[in-house]
Amino acid sequence: MRTLSKSITLKPLLLLLPRLLLRLCLRGPLADAVAALPILDSLGLRADPLSYSDLIKLCLRHGSPDHARLLHRHLFSSHANHPQLFLSNSLISMYVKFGLLEDARDLFDQMPQRNVVSWTTMISALANLKEKEEALRLFIRMQRDGISPNMYTFSSVLRTCNTPSTLWSIHSCIIKYGLDSDVFVRSSLIDIYSKLGDLEYGYRVFSEMVTHDLVVWNSIIGCFAQSGEGFKALELFAEMKKAGFLANQGTLTSVLRACTGMVLLEMGRQVHVHVLKYESDLILNNALLDMYCKCGSLEDARGLFDRMLERDVISWSTMISGLAQNGRSIEALKLFESMKLLGVKPNHITILGVLFACSHAGLVEDGWYCFNSMEKLFGVEPGREHYGCMVDLLCRAGKLKEAVKFIQELKFEPDLVIWRTVLGACRVHRNINLATYVAKEIHKLEPEDEGTYILLSNIYANSRRWGDVELGTYRTQSDRIVKELNRLISRISNIGYVPDIEFVLQDLGREQKEESLRYHSEKLAVAFGMLNSTEGKPIRIMKNLRICGDCHTFAKLISKAEEKLIVIRDPVRFHYFKDGFCSCGDYW
């Protein structure tokens, strides 16, 4: 009678336990929900699969892999059969999200049955962790096991393609399974063809689609923008709008990247109008900030930066680097101090901007302090670019011997950029012996480097070693440009311009040297800009070599005589010429 009574008393409790677990799995606390699992084990009970699914989600929300492992143990305990397939898949996905790939793989290998979700989850995890060969092996095993890949499988496995041949094989499989028209698969195909350098075929994949959606438009625009094909990216953006698609944040970020690469400030401002239609977005604001800085519009950049409600280390680094590259080094260093006071931890890009600012302001000691303390104070290990900045800092300060000693003590082989920096400094400081040594080092790395020959010719010319100078002439292509250039030179001659013939490479008479100087590319570009610019708008010029001293003087005087802002961007920095002065302070 007592046994029967006890059985009758326990029955309601046994029915309540799974319901109690359901409530705990939905609302927590997590510890209480997991604590109920051993009780269920001891009684030989199981909750319903949805309760366990909710408990897996609860473990993820709380970031608790230890509790997740207890649940896994419970589900595979000796009292139970294997859990339902969807629960095993959920456990694999949970382990992947926790970064526990070994646990995920062990569970995957133990599963008596797997479906497309099981395989795809593992393939995606391996692809994300750069375990590309193993991901491809699983992809092959999956098909041998009779499981057909779906669009998510292919979107993952495409990321494992390192070679065109592998990509073509996967592309063939996509066609075989009839998924070549799927939007997400097509988008992934476009991305990977672009990353492997075959943008033309990526565009072909895009063009073959009967209909496009925003995902595919974003993929193709982003690919052209990232590949330096800015004009094509903007052309596609215009086509997308004509097709009736509205740009989203992803579209605008790619279009801004295209504007930045081509220094299209006015186009960038038009994109900014589109950005204002959306809620404040940090990624978009950072892209705008970068565009304004690299297009040389510091007023727009600083205004945007000051209005940003949210800033991250990228925002600060972009603004600091932008100020430094546009000749406002002291302002950049002050902003760096503000960043530190607000508790934002600098990264390697931030430090590059600070070193650049020190270099262009001639702050050698500050630069050394930043370089020597960056790892200790901020946990940023110096990289090749940081060493390059230090070489530039020493060279600009005229400390060429110290720069060479620094290079010789590097833990890696100096590259072309580092040696070219020293060669440029040799021209400025007229150190012909060191220039010859550096040129030989450059020629070891790049025997046909044209820039080296040009710089070395400048140095020989300054030292009157005409036999070492290769003859060369500049030719104008437009009578209108020449006529405008003559007008400008005539005007500034009245306010003190005298051609500095030391910057002529040839062994010529004075009149011939002055004539040669007249047709330097910077002067022709300024003349072209004066002919084609509107009133109140600046002239913006990009160069692949540093500006010579005579052209620098020419631009300063033109900015005064014509009351025109002239912005010249060389490979290193921006020069702002206004009212007869340059932002570099004649130190470049």
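Quick reminder: no glycine exception, Cβ is built from N, Cα and C everywhere.
TrEMBL entries are annotated by machine, without manual review.
Marked as signal peptide by TrEMBL: 1-36.
Taken from TrEMBL, the feature repeat 'PPR' applies to 84-114 (among others). Only residues 6 or more beyond the boundaries of the repeat 'PPR' (84-114), in the same chain, are considered here, and those with a CB under 8 A from a CB of the stretch are 49, 52-53, 56, 59-60, 63, 65, 68-69, 71-72, 75, 121-122, 124-126, 129, 145, 147.
Broken down by DSSP into helix, strand and coil, the repeat 'PPR' (115-149) contains 26 helix, 0 strand, 9 coil. Residues or ranges marked as repeat 'PPR' in TrEMBL: 115-149 (among others).
The repeat 'PPR' feature in TrEMBL is assigned to 213-247 (among others). Within the repeat 'PPR' (213-247), the DSSP-based counts of helix, strand and coil residues read 26 helix, 0 strand, 9 coil.
For the repeat 'PPR' (281-311), the residues of the chain that approach it from at least six positions outside its boundaries are 249, 252-253, 256-257, 259-260, 263-265, 268-269, 271-272, 275, 318-319, 321-323, 325-326, 328, 344, 540, 567, 569, 574, 576, judged by C-beta separation under 8 angstroms. The repeat 'PPR' feature in TrEMBL is assigned to 281-311 (among others).
If one looks beyond the repeat 'PPR' (312-346) by at least 6 residues along the same chain, the residues whose Cβ comes under 8 Å of a Cβ in the stretch are 282, 285-286, 289-290, 292-294, 296, 298, 301-302, 305, 352-354, 356-358, 360-361, 363, 366, 378-380, 572-576, 582-585. Sequence annotations record features per position, and here TrEMBL assigns repeat 'PPR' to 312-346 (among others).
Mapped onto DSSP helix, strand and coil, the domain 'DYW' (496-588) counts 37 helix, 15 strand, 41 coil. The annotation domain 'DYW' is assigned in TrEMBL to 496-588.
Taken residue by residue, the repeat 'PPR' (312-346) breaks down under DSSP into 26 helix, 0 strand, 9 coil.
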